[in-house]
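A quick write-up on the structure given underneath.
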2 protein chains.
Amino acid sequence: MKICFATNNSKKIEEVKAALPDSIKIVSLKEIGCEEELPETGDTLDHNAFQKARFVKEKYGVDCFADDTGLEVASLQGEPGVYSGRYAGEPRSDERNVDLLLKNLSGISNREAQFRTVIALILGEDEYAFEGVAKGKIIEERRGEKGFGYDPIFVPEGMNQTFAELDMEEKNRISHRGKAVHALVQFLTSKNF
Amino acid sequence: MKICFATNNSKKIEEVKAALPDSIKIVSLKEIGCEEELPETGDTLDHNAFQKARFVKEKYGVDCFADDTGLEVASLQGEPGVYSGRYAGEPRSDERNVDLLLKNLSGISNREAQFRTVIALILGEDEYAFEGVAKGKIIEERRGEKGFGYDPIFVPEGMNQTFAELDMEEKNRISHRGKAVHALVQFLTSKNF
C-alpha cells in the first residue's frame, strides 16, 4: 500500500515512516510529482488538513493524508488556533509569534492552553481524520532550545519542563502530533493491506 | 478494559458495542451513576465532543468518549454545522430543521454538503479524536423514511439514494458516524488491553 503524506516537511515524513511497517509505503509530494504549494485557506485545522489532502487526491489521484496544528489558548478564546503559524503576520516567525502571545497574555492569570493536531486521511472514497490533543499551560518566559514554534513557552500537563526542554522522543510520546500520528498509524496498520 | 460512551442514545451504544471485542466493555452514563445533562456549549464539533468527554472524565473518573455530528453545507459557509440539531431553534425538531435548510437553499445551485462526526476519546491522560466525513449533496425534496435528522435530503457521493433510503447497515458502512466509529474501534482494539 502506497500513501502520500501531503507535507513538505521531511522531518515529519521520516517520523511517520519510522512508525509504520514496511508494508505501508509513505511517499512525499515530490515523489508523486507535486511541487506546487498546497491550498490552506480555511478557518479551522480540519478545513486546512482536508483542503490539502483533497487537493492532492483530486489532482494526483493518490491516497494521502495531511496535517495541521494549532495552539488554542483558553483566555484568548482559542486563539491563535489555526493562525498559530502566522499569528504575528508574514513572513512567519516563531520569535515574533511567541513575543506576541506573551504580550497578549501579560497580566492574565488563566494560562491554560492546548496544542491540537488534525490529520485528514483520504483512502479511496473514504475520509477520516485523527486528532491528538496536549493540554498544558503557557509560562511567562521562554525555556529550552529544542522543538520549534511555541514549544519554549508550553508546559504540558503533569510536567515541569517545556516542550522545548524535552527530547524529541519524549515529546513525541506525549505531544498532540505524536498522538495524532499514533492514532493514524494504529488505523492504517489494523487495515489488512 | 472499561470505557464509558458519554451519550444518552442507547442505539449508539448498541452499535459501538457490536463493533468491539468482548475485552473492551462499553458502559453507559447511567451505569457510571451520571444522570445529569452533559455540557455542550461550544461552537465547534470538536469543542462539544471534548467538553462532554472531559466533563465525564473529571467528574466520574472514568475513561470515556463522546461524539458530536454536524451537517456542513458549502454554500451556507458550513452551516448549520455544530448547530445542526437546533438549526430551527428549540425544541429540537428534525422536520423544522429540514424545512429551514431547504428554504435557505432554495434557488441555490451549489448543493454540496458533508456530514462530519467527531468522537473525542480520553484514555488516562491522553486525548485523541476520530472523525468520519461523508460528502454528498442536498436534494430539493425529502426521500425515504429511515434514519433521522437531515437523512431524507442528503444523497452521499456516488449514490442515488438518500441516507433515509438506505438500510442501517449500509448507511453505517459509508456514513460519517460509521467511519468515525470504525476509526475509534480500530484504535481501541489495536491497543493491547
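Our numbering is plain: 1 for the first residue shown, then up by one each step along the chain.
Even glycines carry a Cβ here, placed using N, Cα and C.
Secondary structure from DSSP puts A:ASP68 (active site, proton acceptor) in a beta strand. If you draw a 10 Å sphere around the CB of A:ASP68 (active site, proton acceptor), it holds 24 other CB atoms from the protein chains shown. Residues or ranges marked as active site, proton acceptor in TrEMBL: A:ASP68.
Within 10 Å of the C-beta of A:HIS176 (substrate binding site) we count 26 further C-beta atoms, all protein chains included. The substrate binding site annotation in TrEMBL covers A:THR7, A:ASN8, A:ASN9, A:SER10, A:LYS11, A:LYS12, A:THR69, A:PHE148, A:GLY149, A:TYR150, A:ASP151, A:LYS171, A:HIS176, A:ARG177.
Per TrEMBL, the feature Mg(2+) binding site maps to A:ASP68.
For the substrate site listed in the record, the two most distant Cα atoms among A:THR7, A:ASN8, A:ASN9, A:SER10, A:LYS11, A:LYS12, A:THR69, A:PHE148, A:GLY149, A:TYR150, A:ASP151, A:LYS171, A:HIS176, A:ARG177 lie 21 Å apart. Within 10 Å of the C-beta atom of A:ASN9 (substrate binding site) sit 11 other C-beta atoms, taking all shown protein chains into account. A:ASP151 (substrate binding site) and A:ASP68 (active site, proton acceptor) have their C-alpha atoms 16 Å apart, to the nearest angstrom. With a threshold of 8 Å between Cβ atoms, none of the recorded positions A:ASN9, A:LYS11, A:ASP68, A:THR69, A:ASP151 neighbour chain B. Taking only the Cα positions, the spacing between A:THR7 (substrate binding site) and A:ASP68 (active site, proton acceptor) is 10 angstrom.
A:ASN9 (substrate binding site) falls within neither a helix nor a strand when secondary structure is assigned with DSSP, and so counts as coil.
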